[in-house]
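Taking it in order: structure first as structure tokens, then the write-up.
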Amino acid sequence: MIKSVIAGAVAMAVVSFGAYAAPTIPQGQGKVTFNGTVVDAPCGIDAQSADQSIDFGQVSKLFLENDGESQPKSFDIKLINCDITNFKKAAGGGGAKTGTVSLTFSGVPSGPQSDMLQTVGATNTAIVVTDPHGKRVKFDGATATGVSYLVDGDNTIHFTAAVRKDGSGNPVTEGAFSAVANFNLTYQ
């Protein structure tokens, strides 16, 4: 009997200890925000492609002044979950059926050269972007890049960018620079 009383007392002590335990105190907090846009298009744009940043690092003033271009930096526009059923077009006059996409870029052109994007930051530099077909992109918001053929699923469109002396005739100066270009897709 004494064993039963002792066992009961121990059980009560264990149960009551849990009732008097200190409440859990949060040790940090945060917030997660979810954003997106639903579009009426055959493809979505990968989130990392929709807002990109290209870092040219440090570029030689002397090299740019002598009409040089920085090392080209590659960037991609990734189209995801494409369903081109309603946009099919014969590719190259035969063979497989596929849809197409072209892009237009807009930004502040460097003077009359709409194929150079003006930089901000008094360095007298500009950005040039080359499309997948080796042609310079125009930043006029109207001139489309060459057509890229699409397949169902994911597609990647490759571009390169470089910094160079702008067309102002002013010498290249030291300092930080930046530029922003926006792109729009047109499917056919």
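Any Cβ shown, glycine's included, is placed from N, Cα and C.
Taken verbatim from Swiss-Prot:
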type	residues	note
DISULFID	CYS43-CYS82	disulfide bond
SIGNAL	1-21	signal peptide
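DSSP classifies CYS43 (disulfide bond) as coil under the three-state reduction. In this structure, the disulfide-bonded residues CYS43, CYS82 were compared by how many other Cβ atoms lie within 10 Å of their Cβ, and the smallest count belongs to CYS82.
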